[in-house]
Amino acid sequence: MDSLEKIKEEVISCKKCKLWQFRTNAVPGEGYPKAEIMFVGEAPGENEDKEGRPFVGAAGKLLTQMIKEILGLERDQVFITNVVKCRPPNNRDPEEDEITACSPYLDRQIDIIMPKIIVTLGRHSTKYIFSKMGENFSSITKVRGKSYVWKYKEKEIIVFPTYHPAAALYNPNLRKILEEDFKKIRELAITPKRYTIDYFLGGKNRSWDKREKSDSNSGK
């Protein structure tokens, strides 16, 4: 029987792509095995490679802060991982062959956890999950801030793309957008069925579009 611990052991010893040659530690992911919210980034950075844990650098601290302050959850109440489990040299973008080799680990993690919500952080994780859903991906700017329903193995998982926390570290405007997206995630976590219905009635979460227009018109 598959388990998160088994996946962890396989990732730590994995040599399926060239990235194993450069790593200090592989980064399988961590968190609550029955988490309702799963965060998926692109790949580990320097700090993550040193510690063998996801999102422990500056971007990770921002993510942890938003999980606590906006979602009202502790970090160990969610699950955090990446599409690629080893750090690409010099923090370059992961390459397609690396994603192809490594993504089955993520697929298995999703199978085991079966979260209510998958939050994709940045374009690489969003593009990968969208490919699994059969959705077209254009850019993170165009798809972020909306919820999508993934019909997966007789279950509906809400997929919510947003910016990677690293992009918001030195950009106050992006940080504000990221914070607003996390407020939307909080509401989705509270009342997920409402947004599933909205999806089928009006497409990609029309309720948020209406609310944003209302807030804009009221000067909020």
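Cβ from N, Cα, C; glycine included.
It should be emphasised that the depicted structure is a prediction, and the values quoted were computed from it without experimental measurement.
Sequence-distant neighbours of CYS86 ([4Fe-4S] cluster binding site) (same chain, 6+ residues apart, CB-CB distance under 8 A): CYS14, CYS17, LEU19, TRP20, PHE22, ARG23, ALA26, VAL27, ALA43, PRO44, ASP49, CYS102. Marked as [4Fe-4S] cluster binding site by Swiss-Prot on the basis of experimental evidence: CYS14, CYS17, CYS86, CYS102.
Residues or ranges marked as uracil binding site by Swiss-Prot: GLY41, GLU42, ALA43, PHE55, ASN82, HIS164. Around GLU42 (uracil binding site), the same-chain residues at least 6 positions away in sequence with a Cβ under 8 Å from its Cβ are ASN82, VAL83, VAL84, ASP93, PRO94, LEU121, GLY122, ARG123, HIS124, SER125, HIS164.
When the neighbouring Cβ atoms lying within 10 Å are counted for each of the binding-site residues (CYS14, CYS17, ALA43, CYS102), the highest count belongs to ALA43. PHE55 (uracil binding site) is surrounded by 29 other CB atoms, counting those within 10 A of its CB over all protein chains shown.
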